[in-house]
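Single-structure report; data block below.
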Amino acid sequence: MQIGCHVSISGSIDKSVDNAVERECSAFQIFTRNPRGWHAKTLTKDDITNFKSKLKESKIDRFATCAHMPYLPNLATPKEDGFEKSVKTLVDEVERCAQLGIPYLVTHLGSHLGTGEEAGIKKLVKGLTEAGKTKNDVMILLENTAGQKNSVGSDFKQLGEIFKQLKPAKKFGVCLDTCHAFVFGYDLRTEAKVKETFSEFDKYVGIDNLKILHLNDAKGDLGCNLDRHYHLGMGGIGEKGISAIVKFANKKKIPIILETPIDDDRDDFENIRKAKEFA
């Protein structure tokens, strides 16, 4: 069982491993830099050495770690300057993951800003293909979206169509976010519905391509398109659904990463404990 959460790199990037260990994680996700800007500080030799050393000491499997793209890039944008900056950031992040020994980089698929799904997907595929040319073993994971206006890749069929256009295939995989899937319209509230939803995912995308699972309950209801993560078992998906998802991921040996809120109801420590109980 590999379960953990998104952890902070505040102070230095190796602190993320300390934060993961403190939360009793057997998997974790980070931003490799400040996610709210375009500029990234170069990783120093010490940054890289300390991160790798602590990860080795932690006994957390390297293949249960991933990084997430920063917030600003939009790979589906029709704006050429924004597109070029987004692709450059993606390539840079792939290289940073390679330096740190992180095997997976999760990316959002972006917004076509009203130009239509076909145009957005064309730009997205172009950008991802460019990043796929990097000469390392980092795999870029496409994350399904919640179905917000102008987004692409919410529907498993469309996600599969995007995924199958990407070359070389070995450079790409998928990250499934349970909150996004649920608020798009995939029912995950019972064991039977979880089985049905993952069966549809397998049909169009392929379970073998699912490398990381983002385990989040949803603040909203089924099909509402509200991208608001919530505490496990306390949202629209509920305890039965979350439990069935955890059991499925464990059976398939897919690392589970929580991106749940920290508030008066629960923190990361409690949500991780809850996830382990559901297993």
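Placed from the backbone N, Cα and C atoms, the Cβ positions cover glycine too.
It should be emphasised that the depicted structure is a prediction, and the values quoted were computed from it without experimental measurement.
Non-local contacts of His68 (Zn(2+) 1 binding site) by the CB criterion (under 8 A, 6+ apart in sequence, same chain) comprise His6, Gln29, Ile30, Phe31, Pro35, Leu105, Val106, Thr107. In this structure, His68 (Zn(2+) 1 binding site) is part of a beta strand by DSSP. The Zn(2+) 1 binding site annotation in Swiss-Prot covers His68, His108, Glu143.
Asp177 (Zn(2+) 2 binding site) falls within a strand segment according to DSSP. Among the features that Swiss-Prot reports, Zn(2+) 2 binding site is placed at Glu143, Asp177, His214, Glu259.
DSSP assigns Asp227 (Zn(2+) 3 binding site) to coil, not to a helix or a strand. The Zn(2+) 3 binding site annotation in Swiss-Prot covers His180, Asp227, His229, and the record cites sequence analysis as its basis.
Annotated pair Glu259 (Zn(2+) 2 binding site) and His108 (Zn(2+) 1 binding site), C-alpha to C-alpha distance, rounded: 14 Å. Taking a C-beta cut-off of under 8 Å and a sequence gap of six or more, Glu143 (Zn(2+) 1 binding site) has these contacts in its own chain: Val106, Thr107, His108, Leu109, Gly153, Val174, Cys175, Leu176, Asp177, His180, His214. For Asp227 (Zn(2+) 3 binding site), the same-chain residues lying six or more positions away in sequence with a CB closer than 8 A to its CB are Thr145, Ala146, Gln148, Cys179, His180, Val183.
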